[in-house]
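A short write-up of the structure that comes next.
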Amino acid sequence: MSKKLKEQAANDASEGDAIKVFVRVRPSESHDADAAFGQCLEVRLPDTIIMHSKPEPKVFTYDHVTAANTTQESVFTAVGKRIIESCVGGFNGTIFAYGQTGSGKTFTMLGPCEDGDNFHHEMRGVIPRSFEYLFSLVNREREKHGDRYEFLCRCSFLEIYNEQIYDLLDPASLGLHLRENMKKGVFVDGLIERAVASASEAYGVLQAGWHNRRVAATSMNRESSRSHAVFTVSIESKEKKAGVSNIRVSQLHLVDLAGSERQKDTKAIGVRLKEAGSINKSLSILGNVIMALVDIAHGKQRHVPYRDSKLSFLLRDSLGGNAKTYIIANVHPDAKCFGETLSTLKFARRAKMIKNRAVVNEDTQGNVMHLQAEIRRLREALCMKGAEGSIPRGPSESGDSQMSNSSTESNGPVSGQQSGSSSSSKWKKYFLEAMSLRDIVEVEKREMREKVSSLEELCSKRDQVISSNKMIIKFRNSTIDMLQKTKNKALLKEDRDLLNENLKKEIEQLQEQLEHNPFVMRYVVENQSLRAQNKKLKMMEAVRSGEAMAATKAEELETLFLELREGLSKNRRYSSTPVDGEKVPTSTLVILKSQIKKLQDELENAKQEHAEQEEMTRTTRLDLESELAAYKKANLDMEKTLQGMKIKNRMDRDAMNDIHMQTIKSITTPKKVTYQLRSRTVLRTAGEETPGGPGFAGLSDNGSPLRSHSTNSLPPSGDILVTNSSPAMSEEGIIDEEMPEHVIEQCNEALTIELQKLQDKNANLQQQLEEHESQKHKMLQNSSKLDHQLQQITELYSTESQAWQEHEKDLTTRLAEATIQISTLQRDYEMTRGEAEDFKVMLQAADKEIGQEKKQKSKVTQDWDRVRAALDAQVVRLENEMCGQSRELENLTEDREQLQDAYNTLQAEHEFQQQREADLENRLKGKKAEITQLQEEIQKHLEKLDSERDKSMRLTAELRQGDNTKKDLLDAQELIDQFREERDDLLHRLDTEALKLSSSKEDLETVNSALTAIKKTDVEQKEALSSLMAALQGQKGMVKDKEEQLASMQMQLEDTRGQVSLLEAALEEGKASGAGLQSQIAALEDRMHAQAGEYQEQIEQMRADAMDANQHQKELLKELEKQSEELTQLHKQMKEKEEEYETKESEHKDTIESLEEQLEEVKTNLSTVVVELDEPESKKRKMADAQAMEIESLRDSEKRFKELSSVYDNMRDQMNEEIRSLKMKADELEDVRISKEILQAQHTALTYEIEQVRNEMAEKESSLKDEVNHLKRDMERQKTVLASMLRDKDEAVEKLYTVQTTLDQVKANEEILQENMDQVMEELDRTSALESTHFKEKEDIKSKLEEEREEKSKLTKDLTRLKEVYEEAEKKITELGGHQNPKQKIHHLQAVKSENYFLKEEVESLEKQLGKAQSDSEQMKRDYEALQKRLTSSSAEPPEEAGATTCIRCLPHSKRIMQTQTA
């Protein structure tokens, strides 16, 4: 894809994807009968349109507004070019025209309809020009990219007629259906698509479909579109680059909408009226969609009714979706179309507020290797951009550079005396490079070995974990089998001990698993590798910037999280209502208690984990401190050994110097061994040329050896160059004698062999010494580490032992106190056991009651469930009705808004018509006043004419009576002539006034007809307004009825909800009561079980610790039994007393009753039996006194019983408190015991580790000895290998030298190619820039040429019109040729001649302008052809400077053309 299109797409994306609106005002035609009404629009370029209305004019602002005289090319330049460039760049695009019928939509989109071939017409529309521009862009891309750019274009053409979709390319097709897919989106099923490769083929497809479109004539438009036409162009481009294919797919929708119509304007009846209804319905749905999208853009929640119409559903992506959309709003400027124009402008203003989300529809395909290479390339480009072009060189590049530098240095000119030094420097550089490569390989090998060792350790730990898991499974299976055996029985002591042992072993296995966890080792390895990667990544600036951005983003998110949490806490605080403690149900309390218990367990686990973590950190800290101390000690030892080595090296060097001086003296002093010692002049290294060659610089011209001075020390790497002649030799004349060659060779060989042996022996000894030193250093380091650990362990052991002793003392004191309290606990146990039995009986009774209550509750719940189901069904029905009512209410509100909008437009139109009516009435009054004035002037002129006639008649009579004199006749003749001229003038003026009067009468008639039409329209509008008001009132009444129905439904719903809430409350109360009883029973059971379990555990724990207090316990038990027996006796006595009291009370009641009966009987005989009555009253008093005494005694016994029960309760509470305290103490003792066991286990583990370390030290010593012996043997083997390696090294160096020379040549060639490539790229950039400028200039010239053609066609039309006017004028002249009045005829001919002359001048000026325009167009054609030739030549060959100058020379001509156009 070209750079221009990418930049254009980027610019479009940056500007935003809002729907853009272009408003075009059509010209007012002369044949309109109401053209005299004037215009209601005023255009202010470039983006404002003003609509004249009362009380204030309405101002609308859009993206672009054009006047009536605009050209088709300017419309396409503003609308079509950017959309088509975006489509070629991969975006979807849509252009559609909107407006009332007859506003010029089809003309804008297609062109003039009267011409059959309107695709090549000068006035062709947006669609044909879009084809031309699209394929010009495609051809441009093909010329630029060649075969790498593939293009496929498919066209389809459909129409929507009466909400049915028809394929215009298939006339026999029936109604098609819209489908929706995840990949394609919305598409038409079964629609024909034809592939096109040029603009002419696309023209053919459009023309073939256009003939099948439904078009009909109305009173407002000769060829009115009766359907919505959608022409779709699917563009698919494929660009191949480095094996990767970038595929871009886009769609271009070109839509010609049918116009909105009014039946009173179009006079449509029958089928046309039905078509107009469907058109208006689809357009109103489109308006509803745009209103919903505008509401969504303003933040409201709205449903967008895309599916209400086929048109809106098909254009869903174009309206608020993935597309760039341009709307051309066509409006009529005349006053008669005021309402439709206002609604169109409002629609366009609403559409301008919609935002689309356009994205590039691009996909990448290719081979996996190519895609990975592309990803690598992009990452490298990102790294280069982040590092600002500075890429670090790798070791291979540095090595290559060093080798190239060395080669360049070796290739330079060197003198004969420095050949030995250059060869030695070359060998040294090669050696250093080899050593650096060896170091790199060693580092990699070390890393791989560490990785392998870590993986082996990981495998071993994983094996240990597997074995420990197997052991754990085995222990758990055994415990499961044991528990299954003793499922229905109590556990024996042996089984319990076995279970505890298994659990302890399982815990040990788990601890071992924790110590040898493979995941920890794996995480360690991964951590190391990730740290290394992290270091590498942190060096990159892109990663640093990404981290900074991530940190800032994390801070922002954290602040946002804190703000949200504060808001939630505030909401909870505000929303939470205080609830009384009495109203909280028991189920919530149980849930809260369980949550508290869970939280306590989690807290205990966290504390335990915290303690374990502290223990682990303490052990790791001890290990690290010991390692640190060992490293410090090892560093000190190393420094000491280093100082010793330096002193030793200095001494060795002094000794070697002494030996060297002695050897020189021994060589030079004796006289007998002169010949043997002369051979010690030179010792050379292996592999170099001998100095005795033909090129040796130490020989003179005559071949005699030159003398050289003796060296004071041996040169490095075993090279000895000594040329020495002592004074004694010179005295004896040995110098004059020549040395035999075989003697020199034998001496040299003997000395080299001896020196090589000494060097080998020295190297072996040095290596052994270094190995022993390293082993000794490691051993010392380990021993120091172990000593430090041992010291730390002993210190820790001493502190722990002291703490343990203190703790043991505390435990003994606590144990003594616990034994004292056990006796009291035993007593409490017996008491609670009795209470437990009582509770069991109570629980059984409570279970029976609960069962009965459960039955009752199940019946009640079933009844409530039935009632609740019925109420739920009623609620659902009411909610459905409410949803339907709310939907109807929304629809009614939408209809109300639409009616209100229509009412507003009608109101504005009515006000505009009233204003126009007032203007016309004023104009009519003015015309009437003018007519009256003209009539008065005519009357005056007629009267004057009559007086003049009378005068002429009198003069003629006087002339007939007598000829007085010739002079009087002449005067009279002159007067007659003057009168005649005045009469002609008056007649001429009368004719003109008559013409004016006729014209004013015609104007008056037109005004009257306009007034009548306005009155009719006013009446019709008033009727429509009244009907609308009636409909609005009806709608309001319906809305009120619906609201009342909704209110009643809501009341019913509230009542049913209240009933449901009451029923639910009653149900909840029943559930709560049942749950309360169940919770009470469960609490009692839990408390009983818990107390029984606690007491059982306490007794089992304290039996073992309190065996010596059994006797005391037995005594207490006896006393307790006695007290219980006394209590039972007291209970029995109480029961007996109560029974006696009840019997006596009954007897007393019987006696009272009998006495009352006797009293009734005795009342009659009262006077007679007074003496007999005293005896029973005394008996009764005695009996009452006795009963009172018994009652008082019973009350005293009851009081004593209550006191005893209170004492019993107090004792029981004290015993419970003592049991709790003893339990806490026992727990503390258990914790102390566990900590003691842990310390003992740690102590044993540390002693075991120390023994293991000692054993390992001994094993390592023995293994080190074996390794030393093995290394000695290896050294002997490696000596032989070294010799072969040296030979291989020489061969490799020679090969390396040859490769280096070839590499230098390749690098030089590469630099030349890179320079050529840079030049080619610069030329390519220049050509692309020139091509883009040429393309812009070509398109500008093309658009200007099209505008000139359009102006030319307009001028030809004006010329033909003027010719027609001229011909009509000639006809009128010929008609006036037979005029009777000669003077009037002469005046008329003179006026016609002047008019003819004026028209001829105008025609000549127009012909001149036409010729000039033709010459300019021909010149522009020539320039255009020249530009095309230059473009083809520039695309075929790289541009030269001459081409650039010619292109620059073309610019003044285009400026000249522009100047002529402006002129």
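Note that Cβ sites are derived from N, Cα and C of the backbone, with glycine treated the same way.
Within 10 Å of the C-beta of Thr101 (ATP binding site) we count 25 further C-beta atoms, all protein chains included. According to Swiss-Prot, the ATP binding site annotation covers Gly99, Gln100, Thr101, Gly102, Ser103, Gly104, Lys105, Thr106.
The coiled coil annotation in Swiss-Prot covers 436-517 (among others), and the record cites sequence analysis as its basis.
The coiled coil annotation in Swiss-Prot covers 586-646 (among others) and rests on sequence analysis.
Among the features that Swiss-Prot reports, compositional bias 'Polar residues' is placed at 398-414 (among others).
The feature compositional bias 'Low complexity' is assigned by Swiss-Prot to 415-424.
According to Swiss-Prot, the feature compositional bias 'Polar residues' maps to 701-715 (among others).
Residues or ranges marked as compositional bias 'Basic and acidic residues' by Swiss-Prot: 1418-1428.
Taken from Swiss-Prot, the feature domain 'Kinesin motor' applies to 18-354.
For 387-424 (among others), the entry in Swiss-Prot reads region 'Disordered'.
What Swiss-Prot records for 686-720 (among others) is region 'Disordered'.
Annotation comment: Swiss-Prot describes 1335-1356 (among others) as region 'Disordered'.
Annotation comment: Swiss-Prot describes 1409-1444 (among others) as region 'Disordered'.
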For a quick check of packing: other C-beta atoms within 10 Å of the C-beta of Gly102 (ATP binding site), how many? 24
Relative to the Cβ of Gly104 (ATP binding site), which residues of the same chain, six or more apart in sequence, are found under 8 Å away? Arg24, Arg26, Asn330
Within 10 Å of the Cβ of Ser103 (ATP binding site), how many other Cβ atoms are there? 27
Based on DSSP, tally up the residues of the region 'Disordered' (1335-1356) by helix, strand and coil. 22 helix, 0 strand, 0 coil
Using a 10 Å radius around its CB, how many other CB atoms surround Thr106 (ATP binding site)? 26
When DSSP states are folded down to helix, strand and coil, where does Gly99 (ATP binding site) land? strand
